[in-house]
Amino acid sequence: MAHRKLQQEVDRVFKKINEGLEIFNSYYERHESCTNNPSQKDKLESDLKREVKKLQRLREQIKSWQSSPDIKDKDSLLDYRRSVEIAMEKYKAVEKASKEKAYSNISLKKSETLDPQERERRDISEYLSQMIDELERQYDSLQVEIDKLLLLNKKKKTSSTTNDEKKEQYKRFQARYRWHQQQMELALRLLANEELDPQDVKNVQDDINYFVESNQDPDFVEDETIYDGLNLQSNEAIAHEVAQYFASQNAEDNNTSDANESLQDISKLSKKEQRKLEREAKKAAKLAAKNATGAAIPVAGPSSTPSPVIPVADASKETERSPSSSPIHNATKPEEAVKTSIKSPRSSADNLLPSLQKSPSSATPETPTNVHTHIHQTPNGITGATTLKPATLPAKPAGELKWAVAASQAVEKDRKVTSASSTISNTSTKTPTTAAATTTSSNANSRIGSALNTPKLSTSSLSLQPDNTGASSSAATAAAVLAAGAAAVHQNNQAFYRNMSSSHHPLVSLATNPKSEHEVATTVNQNGPENTTKKVMEQKEEESPEERNKLQVPTFGVFDDDFESDRDSETEPEEEEQPSTPKYLSLEQREAKTNEIKKEFVSDFETLLLPSGVQEFIMSSELYNSQIESKITYKRSRDMCEISRLVEVPQGVNPPSPLDAFRSTQQWDVMRCSLRDIIIGSERLKEDSSSIYAKILENFRTLEMFSLFYNYYFAITPLEREIAYKILNERDWKVSKDGTMWFLRQGEVKFFNEICEVGDYKIFKLDDWTVIDKINFRLDYSFLQPPVDTASEVRDVSVDNNNVNDQSNVTLEQQKQEISHGKQLLKQLKQGKISV
């Protein structure tokens, strides 16, 4: 009875799907045929969306029935589900087309007429996509069969070795499907990059169809050499990316199948065995938790005082609770305090690593390698040392060692070895309180030494101020140290740039002043004892002049004092006696040199045949020898990557995507290589340069708009720039004064006068390399560059001047001066209107 009701429900859903698909297809056909009525098209799209929603709900019902073992006929469920998914894909395509902007890059590419090769490439790509989808559908159908076999094997009555054999066979089929999908995906990607000939794919099309249609036939024989002739591994980057994607997909499929098989194996066990496995798992979890807890407990060692040893994690908390207490929590010996205060952070980290690698039970107090030093700061800014036992890594980084303290330790290690030994002998018989005070004094000296080695700051707000809480003091200290470092770097950079631009070295006037060092020391140690500061300053006065010069660091911060001492007053008059030569050309000289080089390169057609690297070398040498390019030795890193050009790229022009740039450069280079026969043959025949130039232009006129724009801005030689500009002008493109926008009028002018014109325009923007469409756009003539006849300039350079009428040239120049720029454009506009 229940089975009959379920079958009736399935039939009812099938009927609804058939009706919904019929309605959907009728709406879809009307939508595709509707091209002139946008409102009707939008209404049909909303109707399609409503029908797809209904079909999606029915598809969810079918998916639930597919996973249920009550329904035997799963093939019909799969067919109806696939028909609904096809309708969903159709609607997705309709929705994507409706969301595309009218003049986006995709729409403009669609509007262009495709050549036969592009159409063939698109057809082959669609064919490969269909084959990949068909193999995916077959993969899903086999996965359904595998799930069925797994359900049968769960029960002892239906379990058999035949099911396992079928399952393994289906998995082998799925592995072959994935391999063929990977090869087709590689071919698809290579076709998109124009690295694979569509005809090669056509040659193996029959073999691919045979595999897709007949791979499960009994007499099927697979040919694994189908894709050998396509050379799919030519692009290693694409091959690696596709292989990585399919490897992750296979791993995901294997994990899913392993999980299903493990559930099947567990279900075969008896309840008693399952309970036994659960008990063993619980015991293992408890044992692991116990081991983790034991490893986190530090081993306490013998201390020199009755007070307990403070752990690493609680050391800073104890310091915050008792600000007035001694900074050393474990009363260590003064000798150990002095030794640990001059250790570097690296040594303490090295001592920590072996202790972490050993087990907690093997850590004993007698092993000296297991002891490490934890350096921290008290609220008044003095560092202290605590001897700790090995423990696990804390959640908070162990220690708050500042970079100034670490730097001063390395300096003081060399100049205070003798004073440290005397301090050890004098303080060995003192009480613990005296020892703590001595350690405090040594740490204060360390901070003063750090201040002496730090560039002076003119901002008084960066000095350390006392605070009530330890946390706020630590934060203020960290902020001051970071600000000091940033200010020092900024000051060093400014001084370095001043040095590069000045005629005399600035280190002569930047001699260090002991008074400034004294001010830095007193500013940093406002919170420390006064007697400690005085004692350190007295020790500093007793030092020899050589040591004082070693410790003094000028505020310039870039060069050492040795360089300053090497300078002698005798060398300065020699520099003054040298004749002063101008480093840079004036603006008029620069323009004259630029025009001269431009005329020379525009008339040299053989530069088009040179590789880009040779062109760049020639241009940079010419610019450097003519003093147009700066001869200063100092250059920024980004300047080293710039290509030398006679005309720089405008400020608002950004480079396109690397793939588009590579494609444009490749097309341009192919055209340049094809000019070899034209240029060399014309020179042998001694043809006129104007005829050679016309042949060159004719060769470049086949290029697309994007390549012309790219090479107008990023080509190396002036001749290439002139060629691109000439062809763009022939196609009625007009460029703005700043060179960041180009305008192309569509149709006739709607309004014009001497100042502006109004019409429909295509605007090419160089900041993002996109074309936008503007209706009724007002174009001011003052915003455009004046029109330049590049062909006449080239010919004036190359043609012999004996046959040129000088009077006509003068008349032309007089006309250009008399007629304004707006009138010239208006005249050209009228001519264009008449031609339209």
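Cβ coordinates are placed from backbone N, Cα and C, and glycine is handled just like the others.
Look at Swiss-Prot and you will find 36-68 (among others) tagged as coiled coil. Remote same-chain residues near the coiled coil (36-68) are listed as 10, 13, 16-17, 20-21, 23-24, 27-28, 30, 74, 77-78, 80-81, 84-85, 87-88, 91, 94-95, 98, 144, 147 (criterion: CB distance under 8 Å, separation of at least six residues from the stretch ends).
Per Swiss-Prot, the feature coiled coil maps to 119-195 (among others).
Sequence annotations record features per position, and here Swiss-Prot assigns coiled coil to 255-292 (among others).
If you look up Swiss-Prot, you'll see 803-831 (among others) marked as coiled coil, on the strength of sequence analysis.
Among the features that Swiss-Prot reports, compositional bias 'Polar residues' is placed at 252-267 (among others).
The compositional bias 'Basic and acidic residues' annotation in Swiss-Prot covers 268-283.
Feature annotation from Swiss-Prot assigns compositional bias 'Polar residues' to 341-386 (among others).
Among the features that Swiss-Prot reports, compositional bias 'Low complexity' is placed at 418-446.
Annotation comment: Swiss-Prot describes 447-468 (among others) as compositional bias 'Polar residues'.
The compositional bias 'Polar residues' annotation in Swiss-Prot covers 522-531 (among others).
Per Swiss-Prot, the feature compositional bias 'Acidic residues' maps to 559-578.
Annotation source Swiss-Prot lists ubiquitin cross-link at LYS535, citing a large-scale study or a structure entry.
Swiss-Prot lists SER303 (among others) with the feature phosphoserine.
Taken from Swiss-Prot, the feature phosphoserine applies to SER307 (among others), supported by a large-scale study or a structure entry.
Here Swiss-Prot flags SER322 (among others) as phosphoserine.
Positions annotated as phosphoserine by Swiss-Prot: SER446 (among others).
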Please compute the mean pLDDT of the model over the coiled coil (119-195). 88
Tally of DSSP helical, extended and coil residues in the compositional bias 'Basic and acidic residues' (268-283): 14 helix, 0 strand, 2 coil
Return the residues near SER657 (phosphoserine) by Cβ distance under 8 Å, restricted to its own chain and a separation of at least 6 in sequence. TRP769
